[in-house]
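Reviewing the structure listed below.
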């Protein structure tokens, strides 16, 4: 479905894009400013990044946890910002009826920030901690290596992240520079706004007009200086793990980039990625923007590979093959890109519109685009496990960077095939028997099948990744047939979701191949190491909580579709040799204790999972977590400056519900972080009715909001097997005393906690 969209230029020059999304229960806003790291004064590298942080302190009207960050957290929404080379962006998503209140807060923080000295000092410390983190962040190091190949403008090689050394000196001068930067760039003619929600275009237009009111017009942004590459554009970066090839061309901005991305991400038989995997040349691929100005883009095609020469040659063959695709094939992939975009949340759609890969006009001139891409100025970076040479200092990093001297290779070109293709002789017989299937009928909606291992029995990460590798080409083939499938880790448990095409296009052969694949054994794959300590702990937590052994079988639920659809799916499920929807044995108790995990780097990370006590109210836990989240952030991140990762929230992990505290700090020990978490819970003031009622109302609205089909299917399975699941009735019946009792119980019984931590080098 194409969403009604309108772009308007408001008095003063602000451009607003309004997107009407009927029946949506969420809404989003994104403001983009034409100012980033390349615009900051050379005296204060990192100033644009620092200003991004400071703007969240807001202005005079909204104070403390009523500012955008804390307010969105209390709404159960999401909020963030980013500083790029030539842009900064601020964005949030909330329930649709809260959009206007969020836009009012966004308006004030961007138009009239306080920029107080004590806030500046506080955020300089945070920026410095982030700088120390990013020193060991492998993706950031690799991006910096590519940017080093640019000879102009000089900002590409300049330090941009910010640090205490760069920013903490003359506080008065820094405050003045921040004010000057804000007055120059945060003006109507250098700002764009995107709003998306179920509101009418007229109502969204009124919101945009209110946002623009009071903005100084300012001057239009100057054109970007020409981007020129240096003498050496084939580079090699010595790495300890995760070898890769980065192929990074400079291209004129075009809607064809999104179409190229769809061809690139395809994993069906005949695709580039299927061929590379078959020859063991590459594992994964990603397409990212390194840089964008008004007319030019710098793309990064990133392949996980230890054979960069062979992959680079196959990319060239692939670009040649793309020039021969037919208009019908290009239209097919264009429609796939639209389906990929429409599946995103409102906020992610706006992010793609502002600086990503939102589909634009239908394909035009794609062959010429691919031909131009093949000869475009480009940087190649081979990340290889070789002995590091002399380091190169660039952008605040010390990188073992050298010239890449390619080895000769002569692999034959892959045989590429593009879709749609004739069905051929692929015919499948429908089984006669039917397996048990839990069905949530909704004849007007397409059937969505959820398959997952029995509760508390999810495979570990290595086995789950291997299963995903087996399913990749089949799920891609399903996508070309009009369906969609995804094998992914959800709340610490692996699950498969399959959206099936309409009855006249049922791809029985593909579905049966997928189901048969589930019965085959898999060889474990070693997960890629996480680049941030707290993410490493999160990846390890599901296995640390324990499982109930390895019960064979699969749980299956179908959301949507008719009784006839359910009968057809149940017959297909009979092909699974393991039991479907088997009885569940009593779960093993949740593991507890304190464990240190080895992780390289200088930071300390702490993860505390406090499980919901047996028989306690899940509704009380959810409400308690909503209450704690902004208070925890305010106390430990803003007031105590513990570190840059500060989170306390409800989390389901490997089918167990609990309260999760996550902290990462460059200078605090694990014991100190744990003590901070304990003190927060011990000193949490008893909740009164005035605090309780708005939280209860918000939780009731969340549980009554429409949910994706796979979420409804999982909820039905949990209820079928007697696991805790949030219901509107439980939220309505909740009382403040239950929340207070639960808080005391979870705080007091600390021996039931599961604590994971890493310590710095």
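Going from the start of the chain as shown, residues are counted 1 onward.
Even glycines carry a Cβ here, placed using N, Cα and C.
Annotated Zn(2+) binding in Swiss-Prot involves 49, 53 plus, out of the candidates 118, 130, 138, 143, the residue 130. Listed in sequence order, 81, 82, 83, 88, 90 are the same-chain residues at least 6 apart in sequence whose CB falls under 8 Å from the CB of residue 52 (active site, proton acceptor). Taking the centroid of the Cβ atoms of 49, 53, 130 as the Zn(2+) site, the other same-chain residues with Cβ within 8 Å of it are 46, 50, 52, 83, 123, 126, 127, 161, 162. The most crowded of the binding-site residues listed here (49, 53) is 49, judged by how many other CB atoms sit within 10 Å of its own CB.
In the structure as shown, the Cβ atom of residue 130 (Zn(2+) binding site) sits within 10 Å of 20 other Cβ atoms.
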